[in-house]
Amino acid sequence: MKIAILYREEREKEGEFLKEKISKEHEVIEFGEANAPGRVTADLIVVVGGDGTVLKAAKKAADGTPMVGFKAGRLGFLTSYTLDEIDRFLEDLRNWNFREETRWFIQIESELGNHLALNDVTLERDLSGKMVEIEVEVEHHSSMWFFADGVVISTPTGSTAYSLSIGGPIIFPECEVLEISPIAPQFFLTRSVVIPSNFKVVVESQRDINMLVDGVLTGKTKRIEVKKSRRYVRILRPPEYDYVTVIRDKLGYGRRIE
């Protein structure tokens with residue numbers, strides 16, 4: 001099997017550790033930083049870092065490429081193994097004993113160009129700026145208006161990222177939906193809405209505001225169009241992986257109080 005290993009900038013040592021182990025059984029055809037430019041073509045991409053590293057690596061992968069993350073960051077929603085579990089991973093790899101998750105991207109079109117996001121796209125004011133009036137038009141429906149600091153449009157993958165911190169719901173990865181969440185809206189009852197993923201969303205503000213794609217500032221714009229992309233990646237999990245256990249352990253959600 002031809003494997004690429006991509007690592008977070010300061011995690012080269014951990015990447016070398018995995019390379020040494022994996023290369024005993026498989027051909028490592030690429031080894032480098034996840035934020036380096038270019039596409040990666042391999043049978044499997046191994047990522048060393050946290051969720052941010054996985055997001056960068058996913059955009060370099062060909063459609064449908066399986067990916068597996070080794071946790072070397074903080075929360076690690078998108079990582080599946082720890083470095084101490086390398087032997088367990090190699091055993092699972094020999095037998096292809098994984099649970100697979102399909103994680104799809106959204107496509108964002110604006111005057112800044114076309115972008116892909118696995119987590120979310122955000123339009124928000126500068127810290128020194130005033131609140132903005134934002135129009136959100138969902139395909140086949142009339143417009144919604146928010147007077148807020150901004151708005152986040154996220155995938156199910158991104159529901160445990162920025163959207164969660166501003167009151168959005170946790171969405172299981174298998175759901176085919178998009179989540180629209182206003183940031184600090186003027187009216188308390190203005191909450192997140194969840195829509196079918198096949199609906200296009202147009203967001204327009206009164207003035208140029210910041211656009212962030214997966215947390216990375218790309219520039220200022222007034223208008224974006226968001227729709228589900230055909231691009232996707234496959235995240236490999238250990239066979240016993242359970243999403244509820246993950247959100248309970250990492251977020252404390254649904255934890256029993258004794």
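Keep in mind that glycine also has a Cβ here, set from the backbone N, Cα and C atoms.
Copied over from Swiss-Prot, here are the features:
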{"type": "ACT_SITE", "residues": "Asp51", "note": "active site, proton acceptor"}
{"type": "BINDING", "residues": "Asp51, Gly52, Asn119, Asp120, Lys130, Asp149, Thr160, Ala161, Tyr162, Ser163, Leu164, Ser165, Ala184", "note": "NAD(+) binding site"}
Pairwise C-alpha maximum, in angstrom, for the residues (Asp51, Gly52, Asn119, Asp120, Lys130, Asp149, Thr160, Ala161, Tyr162, Ser163, Leu164, Ser165, Ala184) that bind NAD(+) according to the record: 31
In whole Å, note down how far the CA of Asp51 (active site, proton acceptor) lies from the CA of Ala184 (NAD(+) binding site). 25
By Cα geometry, the one of the binding-site residues (Asn119, Lys130, Leu164) nearest Asp51 (active site, proton acceptor) is Asn119
Test of understanding: give the count of other CB atoms lying within 10 angstroms of the CB of Leu164 (NAD(+) binding site). 21
Per DSSP (helix/strand/coil reduction), the residue listed as 'active site, proton acceptor' sits in helix
Fewest other CB within 10 angstroms, which one of the binding-site residues Asn119, Thr160? Thr160
Site with most surrounding Cβ atoms, counting all protein chains shown within 10 Å, from the recorded positions Asp51, Lys130, Tyr162, Ala184: Asp51
So, three-state DSSP: helix, strand or coil for Ala184 (NAD(+) binding site)? coil
